[in-house]
Amino acid sequence: MGKIPANQPKSVPPVPRKEPQTLLAKIRKEYVSLTFAKSLIFDPARLPLISILILAAELVLNVFVVQNVRYTEIDWKAYMQECEGFLNGTTDYSQLRGDTGPLVYPAGFVYIYSALYFLTSHGTNIRLAQYVFVGIYLLQLMLVLRLYCKSRKVPPYVMVITIFTSYRIHSIYVLRLFNDPIAILFLYAALNAFIDGRWTIGSVMLSLGVSVKMNILLFAPAILLLYITNLGWLKTALQLTVCGVIQLILGAPFLLTHPWQYLKGSFDLGRVFEHKWTVNYRFLEPEVFESKVFHLALLGLHLTLLLVFASPCYKYFQNYCRLRHLEKMLMPQIEAQNRAEKEKVKKGKQSKAKALPAGKGDNEEEKLTQDQEKFLKSFEKGIKKMSGKQQQQQQNVAPVETESLAAANPAANKFSINFDRSTQLALLPIFLSNFIGIVCARSLHYQFYVWYFHSLPYLTWYTEYTNSLKFLLLLLLEFCWNTYPSTVLSSVVLHACHVCLLVGIGRKLFRRIPDLAQLNNKTE
């Protein structure tokens, strides 16, 4: 073969061009993988997506239940009779009665069930009422899942198993039409408003919940602490005034005519429940169950437990408040930094496109300045201190994630912090306050299960028990609430589960809780 002449240029092999990925290929690479499938099951950050599937499946399931499972009459007819008396002009609570006895719920209940009275043709269209409660159930579940999504505490598979396997909960909502679900709906609306910083709306929703059923007051001790730590004493008094004014407005027709009968009938704290309906104290003799000494003993235990847990819960609320304050302070800086970085990347690409040959500037990463590097290091260090990552085994502060703290990315913000995970610090004391009230309740009826069912996954996964024991606790609780009528065994097991769960929460809660005040002051 002949030699190539010296003056002839050598041929340069062409650089293979990278074919651009199609949208379908990107989707397949990102979502059609075992890693993504596992994340949908175990990663709490994926719960928002799973929540949509849960709500869709629950809609189908509840419609199936309404269409195929026989409705059981318990209190609906009595509710309609009580409201009918009010609609006929009676404002004396002692005269408002149904087949199950006198009216014992506040005025909000009367108005809501009076509306259902008209909507369901004087209470005769049961099927329509059931579909109204399907809507109530789905709306409440959406509010519950929103809190869980923000906290990123519980894996998606836990929520799926817990929600879909509870026969009793579905029965209470769509086969019994009790007022407890409506009260709890207002409660979760209030919690969502509080987490969003919409305090007055939250107070209105909370007071509306109390106006349907008084069990919402079990959440009150923790919510009072939440007010004080986040708003101070003066604004707390304002929010309590809002709650009180709502009660006065709703109760006005009764307070202006027969005030004593209304207060005694709707807010009777000394009411004695019948032993035959109790779920939690079947193992006691009726005489002991109905005695005042037993009632006062449980009340004393309730107050004692609230005082014992008050200090760590108060610290949780303080840390939650400081993290939210830090969020308000840092978000403008982060947004400004993101805008600056975006502009810098844009200008850098434009200048490199002019200075460099085509194809060489597209994938270059822009270097951070020295000040930016310093900012990132100090910022990440501070967040790690707050989230307890340096001493995760000894501390109880909910982690606050830092996301995308890497090189500049023109398609996304450079700096991002998931402050929503601080929601964990607010939810635990609120759920715990209600749980303590349930543990110390003299009598629990089957519909009372909704008072704390949706908080059980959160409380259980807060403990450091093994997953097997956590699921065992949830399974045994479901067994107890589905045993009808209750037995000595079911009531004893119910108390054992409650105590085990309370001990597990306490063991973790009473460890040294880091105070974020020092970090907060340094940041300021």
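The backbone N, Cα and C atoms fix where each Cβ goes, and this holds for glycine too.
Positions annotated as transmembrane segment by TrEMBL: 47-66 (among others).
Residues annotated as transmembrane segment in TrEMBL: 103-119 (among others).
For 131-148 (among others), the entry in TrEMBL reads transmembrane segment.
Look at TrEMBL and you will find 177-195 (among others) tagged as transmembrane segment.
The feature transmembrane segment is assigned by TrEMBL to 201-228 (among others).
Taken from TrEMBL, the feature transmembrane segment applies to 240-260 (among others).
For 293-314 (among others), the entry in TrEMBL reads transmembrane segment. Sequence-distant neighbours of the transmembrane segment (293-314) (same chain, 6+ residues past either end, Cβ-Cβ under 8 Å): 221-222, 225, 229, 270, 284, 428-429, 432-433, 436-437, 439-442, 502, 506, 509-510, 513.
Annotation source TrEMBL lists region 'Disordered' at 341-368.
Same-chain residues lying 6+ beyond the ends of the transmembrane segment (425-444) with a Cβ under 8 Å from its Cβ atoms: 147, 151, 153, 191, 194-195, 215, 218-223, 225-226, 273, 275, 277-281, 289, 294-295, 298-299, 301-302, 305-306, 309, 313, 316-317, 319-320, 323, 397-398, 451-452, 455, 458-459, 462, 494, 498-499, 501-502, 505, 509. According to TrEMBL, the feature transmembrane segment maps to 425-444 (among others).
Long-range contacts of the transmembrane segment (484-505) within the same chain: residues 276, 278-283, 305, 428, 432, 435-436, 438-439, 444, 446, 459-460, 462-465, 473, 476-477, each at least 6 residues beyond the stretch ends and with a Cβ under 8 Å from a Cβ of the stretch. What TrEMBL lists as transmembrane segment is 484-505 (among others).
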